[in-house]
């Protein structure tokens, strides 16, 4: 490798580190810093990196590692507690998003592939951003946080069939082979999750052989990941699907913690390259030329996803405060939108401008997500304060303390009436009897004629 190439790589790594540290200090996810670093160093910025092809191989490895990490860190125990609500919520999100995009496609003349792509992109949220936001507001370890993580896990599981569908666009579109692949992939994931959730931890011969060896543990983990990805690609499934299965299996072994700790440095570097490549993809000139359209789409996506999420969660009987918070937190587009846009460009579902639009919209959505949470909470607090007087009065007349007061007043009135009646019967017996029976009135006084 030439000395200039090494210098460029070193400068890119330093710039990415600076961007990540800057956003961590601002209590924001470091991935936004990586993306902005890619924008700054890419063709739209300083043009330090002229082409994304220079890091394309590392970016594809980053995709594999991203799904490998998702599978390895998947907490089946947490997911098992909320899997019903999380799965139903994800299914309704995907189906509703596709239904909306298909309905809109009739007015704009979109193809079936484009409608599905936009529905897929709109239904997925960013795991990295949501976890960081929930952690910053102190809700990650609560019941709301567990349900939110469960929904993200269900969305991550749904990404695999989405990728298969987009890759199969073309001659095999809606063919029997596609349905067989979908059934096989979903069935394998469901069977594996069911099997692993019923056991504490599994033992693999490979993990037992390298247990305690710090040099071989990361190498064995990555080898298992790449081997599973290669096998999955050879049998007609996607390579990211195999990486996800490999992470899911290794994440439920006795050596789980050791493997996660040993592979974290490599994962961090490749994931940094992945998000850096996203920044390289962003075309600022295209965004500036279509600034009004991008802003309108950002508003529609953010508000629309929030309303849809809140409506689905309310339909699933979640209380309003929980549904509102989860709906707002899940309102951004996910990082897998970049992967789906790239695949769709390769399969001619969208052209280059469509890919630029999806990439730009996703980057802005990720960056705007924390601010949207602050804005939504501000509006919620303002609405609560404006109606606090009426709600306070209604709450007083409906609470348990006021019910007790009403019961005591009713008892006091009955007691007062009874004691008053006893007093009248004792001191005014005639009046008491007359009050009870008017026929007991004495005969009127007759005048005496003898006088």
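Glycine is treated like the rest: Cβ placed from N, Cα and C.
Just so you know, TrEMBL annotations are computer predictions that nobody has curated.
Keep in mind that what you see is a predicted model, and the values were worked out from it rather than measured.
Taken verbatim from TrEMBL:
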type: TRANSMEM; residues: 6-24; note: transmembrane segment
type: DOMAIN; residues: 13-373; note: domain 'Cation/H+ exchanger transmembrane'
type: TRANSMEM; residues: 31-49; note: transmembrane segment
type: TRANSMEM; residues: 55-76; note: transmembrane segment
type: TRANSMEM; residues: 83-108; note: transmembrane segment
type: TRANSMEM; residues: 114-134; note: transmembrane segment
type: TRANSMEM; residues: 146-166; note: transmembrane segment
type: TRANSMEM; residues: 178-196; note: transmembrane segment
type: TRANSMEM; residues: 216-235; note: transmembrane segment
type: TRANSMEM; residues: 269-288; note: transmembrane segment
type: TRANSMEM; residues: 294-316; note: transmembrane segment
type: TRANSMEM; residues: 323-345; note: transmembrane segment
type: TRANSMEM; residues: 357-376; note: transmembrane segment
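Simply put, out of 31-49, 114-134, 216-235, 294-316, 357-376, 114-134 has the most Cβ pairs sitting under 8 Å from the transmembrane segment (83-108). With a cut-off of 8 Å between Cβ atoms, the residues of this chain six or more beyond the transmembrane segment (323-345) that come close are 31, 63, 66, 113, 117, 120-122, 124-130, 133-134, 139, 144, 147-148, 151-152, 155, 159, 162-163, 166-167, 169, 240, 275, 278, 281, 301-303, 305-310, 313-314, 351-352, 354-355, 358-359, 361-362, 365-366, 368-369, 372-373, 376-377, 380. Long-range contacts of the transmembrane segment (178-196) within the same chain, counting only residues at least 6 positions beyond its ends with a Cβ under 8 Å from a Cβ of the stretch, are 76, 79, 157, 160-161, 164-165, 168, 172, 202, 236-237, 241, 245, 248-249, 252. Listed as Cβ neighbours of the transmembrane segment (269-288) (distance under 8 Å, sequence separation of 6 or more from its ends, same chain) are residues 12, 16, 20, 31, 34-45, 49, 52, 55-56, 58-59, 61-63, 65-66, 69, 294, 335, 338, 353, 355-357, 359-360, 363. Against the transmembrane segment (294-316), the recorded stretches 114-134, 216-235, 357-376 differ in Cβ pairs under 8 Å, and the greatest number is found for 357-376. Same-chain residues lying 6 or more positions outside the transmembrane segment (216-235) and placing a CB less than 8 Å from one of its CB atoms are 64-65, 68, 206-207, 210, 241-243, 245-247, 249-250, 255, 258-259, 262-263, 266.
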